[in-house]
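Asker: Heads up, here are the entries from TrEMBL:
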- 16-277: domain 'Protein kinase' (DOMAIN)
- Lys45: ATP binding site (BINDING)
- 351-400: region 'Disordered' (REGION)
- 352-363: compositional bias 'Acidic residues' (COMPBIAS)
- 364-375: compositional bias 'Basic and acidic residues' (COMPBIAS)
- 386-399: compositional bias 'Polar residues' (COMPBIAS)
- 455-581: region 'Disordered' (REGION)
- 456-467: compositional bias 'Basic and acidic residues' (COMPBIAS)
- 468-480: compositional bias 'Low complexity' (COMPBIAS)
- 564-581: compositional bias 'Polar residues' (COMPBIAS)
- 643-684: coiled coil (COILED)
Amino acid sequence: MEHPFEKRFPVNAKDYKLYEEVGEGVSATVYRALCIPLNEIVAIKVLDLEKCNNDLDGIRREVQTMSLIDHPNLLRAHCSFATGHNLWVVMPYMAGGSCLHIMKSAFPEGFEEPVIATLLREVLKALLYLHAHGHIHRDVKAGNILVDSNGAVKLADFGVSACMFDTGDRQRSRNTFVGTPCWMAPEVMQQLHGYDFKADIWSFGITALELAHGHAPFSKYPPMKVLLMTLQNAPPGLDYERDKRFSKSFKELVAACLVKDPKKRPTSEKLLKHHFFKHARSYDYLARNILDGLAPLGERFRVLKTKEADLLVQNKALYEDKEQLSQQEYIKGISAWNFNLEDLKSQAALIQDDDDAPNAEDQDGSRKQRDRHDVVGLSAERISPETPSNSIAASSQEDGLSDLHDLESSLASFPIKPLQALKGCFDIGEAEGTNGPNWKGVTQLESEQLITKSSRAMDQDAGRNEGENSGQSSSSTRQVVPEHKKFLSGSLIPDSAFSPNKFTGDGDRDFPQPKFPSERNYSGPLLYRQRRETNNPSSEDSSEGAVVQRGRFKVTSADLSPKGPTNCTFNPATGGSTSPTPLNLRASAVLPSLQCILQQNTMQREEIIRLIKYLEQSSGKLGDLSEVGTNDLLQIPPSSARERELQSQVLQLQQSIGNLVEELQRQKMKNMQLEKQLNKALASNKK
Ligand SMILES: Nc1ncnc2c1ncn2[C@@H]1O[C@H](COP(=O)(O)OP(=O)(O)OP(=O)(O)O)[C@@H](O)[C@H]1O
């Protein structure tokens, strides 16, 4: 085991000689380098602090965690220091590079099972250590599994790791939606009850699939769609035809990790005892099987970069869109999504017109929906075994959405309008000068058309073929385009860029091809819609008496508690209202849409916070507002100066409690390390 204080790495840039680039992430570039005084090859991760000004907290956390950990399967920083506007993190050089890079270079279809077992066992040991010490890694993926030239495996990148001893609230507010959607556990996406170390077990399961296939499930889709698919579909797994080559124990391991209910997922300790790991071999085996014959890391990285640049040029020619898309980012090996709302909206525009054939995971998911009952969103009893799975999934989803429509008309007094909010999922306001959408004025027909359109956005399981799409239902959808276009986040991509060719096959790396041309870019400022809604209370508002705007949701003044309004007769048991209108609705049909609303709301909230921060920065001062925490600006404005003062005190107290908890954790780790050192010293004294 390495010892933290064996060598003293200098903390001065002039003591290092940077060689070639060996990796690139969202926030950093990684170089091979020489530590001159120690004559040792190291890796240096260079972070541009100016570019990361939003996430200094995250960087601080990463460096802190990296320097405190002490486990052979975790990449520990030798030291770190600031130089100019960069932060340099000096770490052991892992000459094999990441598993993602190895797969991209030599194993595009994934690794063999003994290799996977060996890699995963080492990752699991790292997770066991982290979890036992109160850390959630939160970014477990092949790109963060590094291999040394001798086959040693280390889990890297603590950029998003969090301390489990933080209170749930701090974790949520500070780190909303960090991580990568493909690997992200459903509970992390939902953000309903927080999450714990079991989120890593989900990511671990997804990583297992990534190592088995060469890419993560749903990796061809943009983030918004990945979110929806993860929440709505049955968990991905290894029970598809192409996975015949894998053992039953591997399939069981993956299935155990990819259970939607985190409580039902095993701990890392339990997983480590899984019989699948009987297939694991030695480091040496890894080195021989996955590293032999590979070019040096720098060279591989350069080749990959050139390929990616070519691909980017090709895609640019196709799409002419700099914002595009998750897949390009994935190809570039960059995958830490920041869930920028505008990105998501432009991607949602693409999803709407996505007619792609179902891929393996989709079909798989549909099939499993019959088998499993833990599917979030679609109830298993809806699905008849006789019907082909694709159409089942499609009709289920559409039923769900029309049920949603029923729900809205039935819940006249329900303050959160699911249908309206769902429309809002694809609404980003409009450019200056255009007539704004008026929800009051949306006719029944338009609503249905919108829903039809939205359902297409969400029917990733449907995989309806070209013929079906060109039929009746498709033409009705087409009619809708000019009507509802103004509510949509129109694609930024020019019409001419869309290939009429339908993309086919299992090529998960293909982009969904939008089918309908988009005439203009409707990406408008989010604020516009927010302002409009606030200034022009809709008819529902007046019918509900005093209504307070809370973010996008309206809450009656009768009860402003987070639990919900008391004058709303929403019945959670039936998922509907106890209003006189009978409600034909299963909660499971509405759940996906409500989850979508919830996500959108959260993301919009994030966007508003960002905008407020930006405004605060650009104006330099915001008088009274600056006293109040940014988060609070989204709540009901405090009625008095005293109230504001108290709120600000509460925030300060929360902040210092958080800092104390962090400090305590740091001290705990230090104590443990000192204890270890002491024990070692005692042991060597005895000898
Ligand atoms: N110690 C190392 N030795 C060799 N290669 C490394 C090392 N650290 C990182 N890399 C390579 O650099 C890539 C990017 O590094 P890293 O993941 O730390 O950056 P990042 O900005 O945090 O990335 P992301 O957030 O996208 O995961 C890795 O995927 C890996 O291929």
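From the backbone N, Cα and C atoms, a Cβ is placed for every residue, glycine too.
Quantities reported herein were computed from a predicted structural model and do not represent experimental measurements.
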Asker: Mean pLDDT over the domain 'Protein kinase' (16-277): what is the value?
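Answerer: 85, rounded to a whole number.
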Asker: Taking the Cβ of the residue listed as 'ATP binding site' as centre, how many other Cβ atoms lie within 10 Å?
Answerer: 26
Asker: Taking DSSP as the reference, which of helix, strand or coil describes Lys45 (ATP binding site)?
Answerer: strand
